[in-house]
Amino acid sequence: MTVTLNLSRPNSALPGKKRLTGLSVPALKAEMEALGLEPKAANMRARQIRRWIHHFGTTDFAAMTDIAKDLRAQLAEKFEVERPEIADHQVSRDGTQKWLTRYGPGIEGESVYIPDVGKAGALCVSSQVGCTLNCTFCHTGTQALVRNLTAAEIVQQVIIARDALSEWPSSIEERRLTNIVFMGMGEPLYNLDNVAEAIDTISDGDGMAIGRRRITVSTAGVAPKIPELGERTGAMLAISLHATNNDLRNELVPLNRKYDIQTLFDAIRAYPGLGNAKRVTFEYVMLKGINDTLAEARDLVKLMKGVPSKINLIPFNPWPGSPYECSDWETIEEFAEVLNRAGYASPIRTPRGRDILAACGQLRSESVKVRASELRKQQASAEGAES
């Protein structure tokens, strides 16, 4: 049975106040300097605030007891450390949790906590609201891009999950949230600056303290940005592959028409630190009668030759109006056996959260791209109603 929880919080930052939740140390330092603090003092205060927000999960400046009382009052006057509004929170019968977070009028993104992944559990975060890639098997691909998420908005997804799991401070033992995967809405490499800044914040040892080796970024194949991702983040790399030849991949992943399979694999081989301790994960959705033959399994083995890698075989998760069916389980197992015999780990991903449309490829919000002038009107109307 699906359980829907009402965990709504006040919408957006308070009028006239800027939200500090999720900001990086450099961004916090800039805000402190804008208050008039000297650079050295601003840096110290930024690090203190970062620790309170991202290590302890604090939502009240009054609790930041190592900051002078008068400065705390000044901070409370100009800033706030609340969470963004949770428009919807659903819990699947298998323990998967999905949040629809509202960052502003018409700006909503989804994130999903998946138990029993990695050391304990993984949070699948979104990097954009909507997507430009139009992958034909993906529900997000049916939603036009609304906008990139900021670094702080990406980090806020992690904070919201930690709130729900009661995992503050970051130093507690036996955490249930140990891994972060950028496999939600959007193409992370089309928002690399914000993704890289978010990873810096998430992996900060004095903040959230989730190691970079426990953070995976998945791309549909923005080849020129792949080496840069490794250089800037040190994160693990995942490739949304799904086909072994250009004709089929052009259909399933239209980005392949711009960066074909050869170009993609050249970029993968240039990923910094690639080796047995840092393998690429290839994601391969199993589509009945489309890409699931044993010949294609053998072609996949040839394609991966010389690339330290593993393959996640993903049973297709249907969504309303989807044009595909999932491969038969026997077919998936036979496909995996070909890969296993060739020496590649090829786990079959257990579908999680299907009953709440939280499984791989099922994420989609109802946000649509609205003109900036219209958003301003909506914001003004909302603020007028509150006053």
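The chain as shown is numbered from 1 upward.
Keep in mind that glycine also has a Cβ here, set from the backbone N, Cα and C atoms.
Swiss-Prot lists GLY186, GLU187, SER240, LEU241, HIS242, ASN317 as S-adenosyl-L-methionine-binding residues, and of the candidates SER166, SER218, SER346 the one it assigns to that same site is SER218. The most crowded of the recorded positions listed here (CYS124, CYS131, CYS135, CYS138) is CYS124, judged by how many other CB atoms sit within 10 Å of its own CB. Under DSSP, SER240 (S-adenosyl-L-methionine binding site) is assigned to a strand (E or B) in the three-state scheme.
Checking each of the recorded positions (CYS124, CYS131, CYS135, CYS138) against GLU187 (S-adenosyl-L-methionine binding site), the C-alpha distance stays within 10 Å for CYS131.
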